[in-house]
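Pulled from TrEMBL, these are the features on record:
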BINDING   66, 67, 68, 125, 154, 155  L-glutamine binding site
ACT_SITE  98  active site, nucleophile
ACT_SITE  190  active site, charge relay system
ACT_SITE  192  active site, charge relay system
């Protein structure tokens, strides 16, 4: 491909005029909800990623909420760990939501499980309580949208420590629930369980900006 065509392609992608493929890790958890949100965004092809090689066609990846212990085992069993690490090394954008956030974290309090370890944070599992303690909070996250967001917390992890390169996107008092670092995003809550598409649009915009 000539330099001119390559520059044109990057411009078209960055301007949202060319289709990009965004994957959702489809081993367990809230896959369908994320796919539905992505499919509402213009020029996005949403892909349920079931095999490591399918990541090759993706420009971004969502690791959804679910059960982190089960997902960790499936990532290992289906040889996804090295593929996701390579995906990150290529500076492709990854978003971990709830269980996905736990898996991205460098450390989980009280556990010594094999983490992806891509996000320089420490988390505490189920910090907001059990399923019965689930709640919805309404607040603004200025970097995501200028409108109020519904933040759905279900057996949510709490981010207890952050590294120096971590930007806090949402914090209520001393409770950190959303962060960003270079090509990585992590949320304790579930934007896919709301009718608001702002978080997914922000994620897609970040992918386009990385490509262009």
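Cβ atoms here come from the backbone N, Cα and C positions, even for glycine.
Those TrEMBL annotations? Automatic predictions, nothing curated.
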In chain order, residues whose C-beta lies under 8 angstroms from the C-beta of residue 192 (active site, charge relay system), counting only those at least six residues away in the same chain, are 30, 33, 34, 36, 37, 64, 65, 97, 200
Just to be sure I understand: of 67, 68, 125, 154, which binding-site residues have a C-alpha no more than 10 angstroms from the C-alpha of residue 190 (active site, charge relay system)? 154
Fill in the CA-CA distance, residue 67 (L-glutamine binding site) to the residue listed as 'active site, nucleophile', as an integer in Å. 9
Taking the recorded L-glutamine site as 66, 67, 68, 125, 154, 155, identify the other residues of that chain whose CB atom sits within 8 Å of the mean position of the site's CB atoms, giving them in sequence order. 65, 98, 99, 102, 126, 157
Would you mind reading off the Cα separation of residue 154 (L-glutamine binding site) from the residue listed as 'active site, nucleophile', to the nearest angstrom? 8
Residue 66 (L-glutamine binding site) has its Cβ surrounded, within 10 angstroms, by a count of other Cβ atoms equal to 21
Residue 68 (L-glutamine binding site) to residue 98 (active site, nucleophile): how many Å between their Cα atoms? 8
Max CA-CA distance, Å, over listed L-glutamine-binding residues 66, 67, 68, 125, 154, 155: 13
Measuring CB to CB from the residue listed as 'active site, nucleophile', give everything in the same chain under 8 Å that is also at least six residues away in sequence. 64, 65, 66, 154, 155, 156, 157, 187, 188, 189, 190
